[in-house]
Structures are given as structure tokens and as C-alpha cells.
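Quick look at what Swiss-Prot annotates:
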MOD_RES   Thr194  phosphothreonine
REGION    208-229  region 'Disordered'
TOPO_DOM  1-39  topological domain 'Cytoplasmic'
TOPO_DOM  170-229  topological domain 'Cytoplasmic'
TRANSMEM  40-60  transmembrane segment
TRANSMEM  61-81  transmembrane segment
TRANSMEM  105-125  transmembrane segment
TRANSMEM  149-169  transmembrane segment
Amino acid sequence: MSEKENNFPPLPKFIPVKPCFYQNFSDEIPVEHQVLVKRIYRLWMFYCATLGVNLIACLAWWIGGGSGTNFGLAFVWLLLFTPCSYVCWFRPVYKAFRADSSFNFMAFFFIFGAQFVLTVIQAIGFSGWGACGWLSAIGFFQYSPGAAVVMLLPAIMFSVSAAMMAIAIMKVHRIYRGAGGSFQKAQTEWNTGTWRNPPSREAQYNNFSGNSLPEYPTVPSYPGSGQWP
């Protein structure tokens, strides 16, 4: 079987950089898990959009009299977390469901859990963190009501992101435990090296079953009517 060509991210042809990953939900993810994995993918997209809105809100915060440090950090968060969140927690959960990989499930739980905690902190909105959360937005109404209204939007979006992350991690954990996943399986994948590029479920089945039967069964050959005894 020929190697699948990478298709994500879908970059324009004039950019001299090729896609880094192959992503196809209907082709690689089991039917019963496709809806959940697609929702986690949309959650990643929503979080990236939240970081973009947060950058605009931090600019309004700065124009309204706030610190420019928040705008600078918001820019760093957008550039850093957009690709890193995809690589560090969406790809692990994608590969986990694609290949039933305990190691990738464990990686997802650990990194996505840290992402959840960070998103909660961003929703709270401590000053100097580069995030327009509830504390920073509400506290800025006395200085610039217009800027504070803009700052409320990322606060709401960060809160929605955190709630969706909590739901996602609970659903994934329930499926993981129900399928018999364990830390011992993750250790086995680590020791054997299969965690780097775990084979799909279809490939695992083919390796296990092998070619037990020929592709086309042999048609029996019978003697002509004159040759029968």
C-alpha cells in the first residue's frame, strides 16, 4: 500500500512548505469515534480563534491605558499555542483513536490537562498574563468602558473553551478506560517504540490475520463428460 500524502495544514501552493501531517477522519478514525475526534478538532480551532480575539482585546486594553506587556504576551501565545496545541494534544488524541494507542492516550491526558488548567487561568484573567479574562475585563470598566466591553469577549470564549475541554477529557477518559487502556500498555508501547508512529487498526488487523486465504479461490477442475467412469 502506497504511503499517504500529507494534507495538513492545507497550505497554498505558492508557499514553499509542504503539509506536515496526514489527516482524514473518515479514512483513519473508527466510525464510532469520528464525531468525538471531530469535535476535539473543532475545539482546537475554537481555542485558536479565542487566542486571536484575545490579541485584539489586549490591543484595546493597551489603547485604553493598560500595559503593553499584555499585548506582547498575547501575540506570543497566539504564535506559540496555535501550532503547539495541535501537535501536543490534538495529534496524540487523533493517533490514539486511530491506532488504539495507550501511550498517545496518556500523552493527551497529561498535556490536555495542563492546557485545561492554563485555559482556566486565562479565563480568570490575571493581570500581566497576556489574557483578557474576567478579572481584567471587569476591573477595567472604571478606566475605559469601551475597551472593557471588547475584553469581555475573550473572557467568555476562554470560559467556553475551558468548559468544552473539561467535557472532552472526561469523554475520552471514559472511552479509554472502557476499552481496557492502562499505564502498562503505554509502557509497552514506549519500550517497543510503536508510540512514534502507531499503525492504524486496519494495519494491525492485517498483520494479525495475514493472508490466510488466496485473494481469489481456486476453481475446481472437473473432467469432461466422456471421462467420467
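Glycine is no exception: its Cβ is also placed from the backbone N, Cα and C atoms.
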Outside the transmembrane segment (149-169), at least 6 residues beyond either end, the same-chain residues with a Cβ under 8 Å of its Cβ set are 36, 39-40, 43, 46-47, 49-50, 53-54, 56-57, 60-61, 109, 112-113, 115-116, 119-120, 122-123, 125, 131-134, 136-137, 140
Sequence-distant residues near the transmembrane segment (105-125) by C-beta distance (under 8 Å, 6 or more away from its ends) are 47, 54, 85, 88-89, 92-93, 96, 131-137, 155, 158-159, 161-162, 165-166, 168-169, 172-173, 176, 181, 183, 186
Taking DSSP helix as H, G and I and strand as E and B, the topological domain 'Cytoplasmic' (1-39) has 13 helix, 2 strand, 24 coil
